[in-house]
Amino acid sequence: MSSYDSHLLGSSAETAPIAISETPQKKKGGHFNRTPNSAGAAFGSLGRSGVRVSYNYSDEDDDDETNDDSEFDDASSMYSTQAERATQEQEELLKKARPQANYGGTSNGNNNNNNSYGGTTTHARTREERRAVYKAFDAAVRKGEIQTTASTETKTILKYSAPLTMTFLMQYSLTVASVFSVGHLGKNELAACSLASMTSAITGFAVVHGVATCLDTLCAQAYGRKDYKMVGVHFLRCTIFLWIIAVPIILLWAVFGRQLLHLLLDDPELIHFAALYLEVLACGFPAYILFENLKHYLQSQGDFNAGTYILLICAPINISLNYLLVWNEHFGLGYVGAPIAVVFTDWLMATMLSLYVVFINGRKCWCGFRPDNLFTGWGRMIRLAIPGIIMVEAEWLAFEIVTFAASRFGTDALACQSVLVSVCGIIYQIPFAIGIAASTRIANLVGANLTAAARISARMAAVISLVFGVLNMAFMLGLRDTIGKMFTNDEAVLQLVRETMPFAALFQVNDSLGVISGGILRAQGRQRIGGYLNLFFYYVVGLPAGVIFAFHWGYGIEGFWIGLTIGVFFVSILQLYFVWKSNWREIVKDALRDGKTQAATTHA
């Protein structure tokens, strides 16, 4: 064991001597041999506990040992880094990592030091070494060879969520680009584009996002238990299911859009422009479904970068197309050019991500097209999809209702609400990405039958949600003057934004907790809890409270944000309660039982 190995396993700047404990330890599901060699070695470092390796452990009941709940009942044991395997297995783990790290280099002349790899190590090489050992460590955690740690799970979730945040922000920019583009044509075009975007989000895109959340459970758990074929089966079933649902949605947009919009307003010109936008947008809806499901398919396999790569190419293309098709004097089509740019970008993203799966990464889980597999076993998928739709629709629709209600207080209030919703929509992408990252990680661990590791990961995800919620709140409070000026120069609107921003900022803390705890529930396959809570507390508590504060008690637009904050507070607290009280042993058993049932009904 080298000093470098000891350093990495202990996660510290200085290595400490190996501490040998002669006290035999007992654990449910196995025993330690009481021989002179029955000692424990703590490969650690100053200030932190390292990875503890117990010698001569006999794991007669390995499943029980993996799912033992008792050692994590105490809060301090959550941060334990015990690994119930022999030192020889730890050495094998490091040997697997070393060839990937490019060791070597110029000799430093200290050949007597057997713990040195020799040579001058560059900063880049150190990163490669750490990356290689991290991969080996994570692989060992997934196999149940060693126990994970709180710091490892925190780093993993943050590592997963970073590219996801970029992906969601760039995808959000596709709609923003259209709004900015047509906004310079006139206020009617701007209002129509915003109305069409809102209508399409509620009647179509929210449904896609809600149904696709079932893949966070099904695909990720299947991948965790190494049932790679079922990952592809779940992806195709969900895609076909959404394409079937898309038929009435496309008809609603393309054929009955004007009648639908007539229910919301009476302005003929606004209805004409908004309906035209929906008619064109319908052409790209199947591609949007494919792209979203492919993202979840790849994320379940730990590939969180694919969507980012595609959008790094497609987002600039979308901006260029908006200029070319809306404003260019030779090719410009005016208002209709904006939805055409979105449709072209949707198909381009779906095509490029499909090619990515075929030629770069993702074929391992491909199952092929077999009708006897793809059109059976939909029961659990639909049971997970329905509460997923409710969770997404409940929040999205609540915001749209508040936006409509804000118009009752005049143009300034409506402009203020538009600013706040836009800012919250951007900031929302951060906890949303963390929620999906946490959901994928925890579902992988649940599928791999790693009860204790899943519990640790869930608890660290809850901590991360609180931290980022507070950071988002601080950001909005600290820059409330600057944020308002990015959208408008009207002093009346700016003053209203300054007064309302504290309530919207407080909303961010609870929303972050709610989004990420909802992701944990998805990983467990318990979306229905989040669905019930969102539906009840948004529409029975939050919105009615907002109406009372806004109209009866005279708070105006601030009252709506107070009501929404109250609603999402109860959602987040109760979701965290259900997560904290989870019976992880039963969750893992249910996941494995469902996996066996799905596999039994799927033909080879």
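Each residue, glycine too, has its Cβ placed from N, Cα and C.
What TrEMBL records for 58-74 is compositional bias 'Acidic residues'.
Summarising the annotation, TrEMBL assigns compositional bias 'Basic and acidic residues' to 86-95.
Annotated compositional bias 'Low complexity' per TrEMBL: 102-123, in sequence order.
Annotation comment: TrEMBL describes 1-124 as region 'Disordered'.
Residues or ranges marked as transmembrane segment in TrEMBL: 235-256 (among others).
For the transmembrane segment (271-291), the residues of the chain that approach it from at least six positions outside its boundaries are 188-189, 192-193, 195-197, 199-200, 204-205, 208, 239, 242-243, 246, 249-250, 253-254, 257-258, 261-262, 265, 335-336, 338-340, 342-347, 349-351, 353-354, judged by C-beta separation under 8 angstroms. The feature transmembrane segment is assigned by TrEMBL to 271-291 (among others).
According to TrEMBL, the transmembrane segment annotation covers 303-326 (among others).
The feature transmembrane segment is assigned by TrEMBL to 338-360 (among others). Counting same-chain residues at least six beyond the ends of the transmembrane segment (338-360), those with a Cβ under 8 angstroms from any Cβ of the stretch are 174-175, 177-178, 181-182, 193, 196, 276-277, 280-281, 283-285, 287-288, 290-291, 294-295, 297-298, 306-307, 309-311, 313-314, 317-318, 321-322, 324-326, 366.
Marked as transmembrane segment by TrEMBL: 419-439 (among others).
Marked as transmembrane segment by TrEMBL: 460-480 (among others).
For 533-554 (among others), the entry in TrEMBL reads transmembrane segment.
The transmembrane segment annotation in TrEMBL covers 560-580 (among others).
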Intrachain neighbours beyond the transmembrane segment (533-554), with Cβ under 8 angstroms and 6 or more residues off its ends: 390-391, 394-395, 398, 401-402, 405, 409, 560-564, 566-568, 570-571, 574-575
Outside the transmembrane segment (235-256), six or more residues from its ends: residues with CB under 8 Å to it: 200, 203-204, 207-208, 211-212, 214-215, 218-219, 278-279, 281-282, 285-286, 289-290, 293-294, 296-297, 365, 367, 369, 374-375, 377-378, 381-382, 385
